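Notes to accompany the following structure.
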Amino acid sequence: MVLSQRQRDELNRAIADYLRSNGYEEAYSTFKKEAELDVNDELDKKFAGLLEKKWTSVIRLQKKVMELESKLNEAKEEITLGGPVGQKRDPKEWIPRPPEKYALSGHRSPVTRVIFHPVFSLMVSASEDATIKVWDYEAGDFERTLKGHTDSVQDISFDQTGKLLASCSADMTIKLWDFQGFECIRTMHGHDHNVSSVAIMPNGDHIVSASRDKTMKMWEVATGYCVKTFTGHREWVRMVRPNQDGTLLASCSNDQTVRVWVVATKECKAELREHEHVVECISWAPESAHPTISEATGSENKKSGKPGPFLLSGSRDKTIKMWDISTGMCLMTLVGHDNWVRGVLFHPGGRFVVSCADDKTLRIWDYKNKRCMKTLSAHEHFVTSLDFHKASPYVVTGSVDQTVKVWECR
C-alpha cells in the first residue's frame, strides 16, 4: 500500500515527535536530517503523541474486526442451518436465543431442578432452601411456594395430566402434592439416605425414586406403599427416569455407570460403563429423534424394524454420551463442556441435544455432526438443571446463582 506525499510527511513528523519525546536525541536529529523535516513548534503540537494514538486505535480496530468476524461466522452458520432468517424456520429447529426473557429470583439457596407443567403456562423450581416454587413462565410472575420438606429438595416430577407433583429431598422423604389445591397429600418414607431423584411413571399409578442409599424404589400413588426395590448400583444413585411406555427405567450413579432395568422383573438389562467420573444425568430419546440418530450412526433399522431405545447421559467427566440400549453400545460422545455436565435433553424436534453444565453455559448440539452449534452464557454460577417445553418455544434453566431463567426459542 503506497502512502501519498502528504501522508508520508505526516507519518515522518509523527515519528520525529515520538523519537524526540522519548529522548532518542541522536536518532531524532539523524531522522530529521534524512527525512528533510522542517520542524517548528506549531506543527509539533499537532503531532504530539500522534504515533501512540494511531498505534492503540489500530489494536482497538483489530479487536473489533475479530469480534465482527466471529459474529458473521455465527450468522453464516445459522443461515446454513436454517437460522432465524425471517420466520421460515421449522419450529422443530427452534433453539434458545440470548438474552433470557426472564431471570426470576426468589429462592434463597441454589436451584436444584426446574420443570415445565405439562398443560398450563407454569414451571416449577426446587431448591436447597427446602422449598418448591411455582412460576408463570409466559408472564415472568411468581405464583406460590410449596413448603413441607425440611432439607434440600432434589428433584420434582409431574404426572402427564399435571394434577400431581412428586418431590424428593435430602430429608429422606418423597412427597406427593395435589397441584390443583397445592397441598401435600402423601409423604413416603423408606430410603435410608438423601433421595436424589423422583419420577412419576407414565401410567400415573406409580412413582420411582433413587437415593444415596444406592437403591431405587417404586411406590404406589394410591397408597404410598413401596412395592419394589431395585438394587445393583455400588454407590449413590443420582437420577432415575422411566422410558416413554414405562417398561424400562434408566439410572445413573456415582459408581460411573448407567443402568437400564426392566420394571416388571426388576432385572438389570444393561450396564453401560464408559464414563470416567460420576454420571449426573440421563434422558431417553423421544421417537422424533430416532431418524436423526439412525442417520448419524448409520445404524440401519434392526430386524424388528424399530430402532432403539436410545439414551443420553451426562457426566462429571465433562462429556455427553449417547447409547443404543438394545446393544449396550455407546454411539457417540459429545465433547465441549469445560466442567461437570448437570443436565441433558433431546430437543422435542429430535434433531438437537441441549445440555447445561458447571461451566455456566447452556449448549445446543447438532449431534448428527457431533458438534456444538451454539453456546449460551446462561448464568453467573453453575447451571444445575434445564427443561425444554414439549409444545411451546421455551427453555428454562436453574442455577447455583439462585435464579431461574426463561429462554425463548426461535
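Backbone N, Cα and C define each Cβ position, glycine as well.
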Q. Looking at 2-28, 56-82, 272-298, 380-406, which one is coiled coil according to Swiss-Prot?
A. 56-82
Q: Test the contact criterion for the repeat 'WD 7' (379-410) and the repeat 'WD 1' (106-147): 3 or more CB pairs under 8 Å, pairs 6 or more apart in sequence, then answer yes or no.
A: yes
Q) What does DSSP give as the helix, strand and coil breakdown of the repeat 'WD 4' (232-271)? A) 0 helix, 21 strand, 19 coil
Q | Mean of the pLDDT scores, which run from 0 to 100, over the repeat 'WD 1' (106-147) | A | 98
**Q.** Same-chain residues at least 6 beyond the ends of the repeat 'WD 1' (106-147) whose Cβ lies under 8 Å from its Cβ atoms
**A.** 153-158, 160-162, 165, 167, 169, 171, 177, 179, 182, 184, 381-382, 384-387, 389-390, 392, 394, 396-404, 406
